[in-house]
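*Asks:* Got these off TrEMBL a minute ago, pasting:
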REGION    1-20  region 'Disordered'
TRANSMEM  82-101  transmembrane segment
DOMAIN    84-373  domain 'Citrate transporter-like'
TRANSMEM  107-127  transmembrane segment
TRANSMEM  148-174  transmembrane segment
TRANSMEM  186-206  transmembrane segment
TRANSMEM  227-246  transmembrane segment
TRANSMEM  266-283  transmembrane segment
TRANSMEM  290-309  transmembrane segment
TRANSMEM  315-335  transmembrane segment
TRANSMEM  347-373  transmembrane segment
TRANSMEM  379-401  transmembrane segment
TRANSMEM  422-442  transmembrane segment
Amino acid sequence: MATSPAGGAGEASFEKSEGASTDSSQRHFITHDHDGFHLNYAARQSHLPHRREIQMRSRRFSDHLREEGVARALFGWMRNNMFLSILVIVAVVTSFFNTPQWSYVDWHIIAIMFELMAVLCAFERYGVLQWFSMKILSRAHNERSLSIAMSLVALGLGMFATNDVTILTIIPLVLMMKKRTSTPMYLQMTLVTICANLGSCLTPFGNPHNLYIYTHFNITLAEFMRWSVPLFLTSLVLIFVTLAFVPKKPIEISKDDIPQLVMKKRIIPFAFLALVVFINLRINDWRADVICAVIALVVTMLFDPRVLFHINWNLIFTLFFIFIGIQNIAHMSFLQTALTALVSSPIATYISALLMSQVITNVPVTVLLANFINHGSAAALFFGADIGGLGTPIASLANLITISLANKQYPEESKPFLRQFLALNFIALAILGTLFGVLQYVGLV
């Protein structure tokens, strides 16, 4: 899986081959690679030798370089991974002004994200997330009930599977339904994105910036929930008020669209690995990070080494270069005075995080501002980054992914979709934007 807006190894779906039966052995798992090609993994081919697969990938990569040329291939990669490319450039350029240190990288976050991506990639590869989502969505009989089901699934997955993974799981299903029902689905795609962002605010591991705040300031789970529950409940009310305006236009979803689980026995060890992720989340110690990361690697190598090919490496490298580039900026003396002024109080921190997220994405904003605040302003940073994920397309990576997936499949409908996306996002931003002030006034934060 991948968070790259242009696509990556995480845009997955199940589809039936022509003339095939509905038996699970005939269902192909489609995975889009970072280089733009795609491979079909049928369940019956699960024992393809790993060495052969590596050779096949290497040969395809070499052929691609020969056909395109190194410069053109590099430019194509940068275009398809624009956000990561910008971060790499920022990290390199800022390194001329400040010597980067390995301590800039929060290895605890990197370790947890590796373990979490291994679990989620395996669950997606075996169809767990798609099966769960379609089981719920298939019960809908009209646009409103479908929108409610999609919103609830996005909220639920966002809490535990991260907002990016939620988007990569549900939006392809929405696009599939759009094709089969001839319904625009602009509202549904927008609501799914908003719900993924707001659902992820409830838990520390719902998104990378929550995880960073949780570990950087040593927040207790009880304190974190004291912040996140009011935001989540307010978001829930806002979402259901919006859903009340969705028309009850009849819609039918075929039971045949529900994918079958594949390689069911392999789900168990990765479910165990999910417990390891939770343990590592509670223990912020480098020894625990190493042990848990090794356990994740061993489990993956023993039960399904191919998961390593499809882990969301883009997200992991994105976090790495965010830490390097942003910490370089934070350590530049000529910028420190200005940045300190932006977070002079909790309300200033909140407003700065909210507004800066609209132009440089909430994860880098969180890492940057965290250098200049203490525990007392951590709640303000949390609200600013999470609510700041609403608004512009670049306010969060989840927004970028949704727009990219929709535009890639339906480029002719990009303008009407973007208009509705921006309208609903800014309405939600305006309403939820007042929440921190209210909570601060009544003494809850």
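Positions of Cβ are set from backbone N, Cα and C atoms, glycine also.
TrEMBL annotations: computationally assigned, not manually curated.
Keep in mind it's a predicted model, so treat the numbers as computed, not measured.
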*Asks:* Could you tell me whether the transmembrane segment (107-127) and the transmembrane segment (379-401) are in contact, taking contact to mean 3+ Cβ pairs under 8 Å with a sequence separation of 6 or more?
*Replies:* no
*Asks:* Answer with yes or no whether the transmembrane segment (315-335) touches the transmembrane segment (82-101) by the criterion of at least three Cβ pairs under 8 A, sequence separation 6 or more.
*Replies:* yes
*Asks:* Could you tell me what the rest of the chain brings near the transmembrane segment (148-174), counting residues at least six beyond its ends with Cβ under 8 Å?
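*Replies:* Result: 1-3, 10-13, 116, 120, 124, 129-130, 132-134, 136-137, 139-140, 185, 188-189, 191-193, 195-200, 202-203, 205-208, 236, 239-240, 243, 312, 315, 389, 396-398, 401-402, 405-406.
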*Asks:* Which whole number is the mean pLDDT over the domain 'Citrate transporter-like' (84-373)?
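*Replies:* Mean pLDDT, the domain 'Citrate transporter-like' (84-373): 88.
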